[in-house]
Amino acid sequence: MKTKQSIPIVPISAKADMAEIEAKLRAAQVRVTQARLEVLALLCAQHRAMSHTEMQDAMPQMDRVTLYRALDCLTEAGLAHKIASDDRVFRFSAGSEMAQTTNTYVPGVHAQHHHGHFKCTRCAKVFCLEQPDTNHSLRDQLQETLASTALKGFQSHDIEVTIKGWCDQCSAA
């Protein structure tokens, strides 16, 4: 049985962080708007993917259509990525090129799903599983598996891996 929990939002830090966010938008050659600044700052401050509704709750002053447009722009520019889920709710997180660990943007490289996700089946939070620093990425391993099967000649263009279970908060409850 799913339980609805209050999902804490990590607050956006000082104006210095906003200057970094603005620089990232400019590096990606995205026109800087207040909405894009606020949305990208929110995504960068989180350690998980957020639904449109969660972002709306965190930024009630922003119109929902403006939020959708900002998310579309950031996703197209590779600054955020959109995660499809079996519950038909899209969630967004800072693109892998914008990861909290590096906090840098690689121009011209779009955020792709070359990493897995963990989805909590109780609270529906989605977390990005960061790829460890190895010579062999998950994508490469899965491509090799595909090539070595009876499906010779097949080429994938996107790989989605989702592990389902309970997050630390739900496990403790």
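Every residue, even glycine, has its Cβ placed from backbone N, Cα and C.
What TrEMBL records for His114 is Fe cation binding site.
Under 8 Å, Cβ to Cβ, and six or more positions away along its own chain, Cys120 (Zn(2+) binding site) finds Val126, Phe127, Lys164, Gly165, Trp166, Cys167, Cys170. What TrEMBL lists as Zn(2+) binding site is Cys120, Cys123, Cys167, Cys170.
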Binding-site residues compared (Cys123, Cys167) - the one with the fewest other Cβ atoms within 10 Å: Cys123
Where Cys170 (Zn(2+) binding site) falls in three-state DSSP terms: helix
